[in-house]
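Here's the structure, in structure tokens; my notes come after.
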Amino acid sequence: MSLTQVSSNKCAGGFQKVFEHESTELRCKMKFAVYLPPKAETDKCPVLYWLSGLTCTEQNFITKAGSQVLAAEHGIIIVAPDTSPRGCNIEGEDESWDFGTGAGFYVDATEDPWKKNYRMYSYITEELPKLINSNFPSDPDRMSVSGHSMGGHGALICALKNPGKYKTVSAFAPICNPVQCPWGQKAFSGYLGSDRDTWQAYDATVLAASYSGPPLDVLIDQGRDDQFLSANQLLPDNLIAVCSEKKIPVVFRLQPGYDHSYFFIYSFMSDHIKHHAKFLNA
């Protein structure tokens, strides 16, 4: 699995890099960003995987979130992959902003014509960690996951579907109950077909109801003035209710005045890095 370096910039004492590779899961060229803190020059470091939201690439997080200074301070590698396969020449892949290109939804598609390439769940949980662990000074036993919006959904399902794989999970404005919201219903019907029972395997609220793994501490920040919250796309209350019932520890913070943008993420990024560092560096 060879990597081609696309860019490298000195940042906060470490390096912010972007690489390209041929993905076996997605059957196309994929890019991912990796921040290597100064500590990575001498030691193995834990890894935080960041999953971005609809329309994003690997660039949004690394240019807007302000994560590098905190990652350098806590000695954490941050990996930010793209959000979908690119350029697969599938009919309709570029027709809408919330399905197809830039909108992989972190599922393994089962429907034609998507199932050949749209396997973001396996890419994120299997292929990418193997690639990172074989090419960078990462500690494979210390990884966690975070994300925003569609990526918040991705982070939550990765942690809930793989008990013990991730030390902890956090999310900004996650899509918490996709089987019940328009975004999720559109994506899941396209990628997974009309049988709604199959959708539940990728719904954090449903997965939390049956979670029986090791303790999982969850941090969720949600802007109270988020237009997608009021449009019932995110549905955090449904997830919080289930986690409360199942005694899954969740810190849920409703942040007054904040919206769905990266200005919101930037404002609370340090809290999330510290949350992950507490478990990754324990």
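Cβ atoms here come from the backbone N, Cα and C positions, even for glycine.
Listed features, source TrEMBL:
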- SER149: active site, charge relay system (ACT_SITE)
- ASP226: active site, charge relay system (ACT_SITE)
- HIS260: active site, charge relay system (ACT_SITE)
Cα-Cα separation of SER149 (active site, charge relay system) and HIS260 (active site, charge relay system), in Å?
8
Cα-Cα distance linking ASP226 (active site, charge relay system) and HIS260 (active site, charge relay system), given in Å to the nearest integer
5
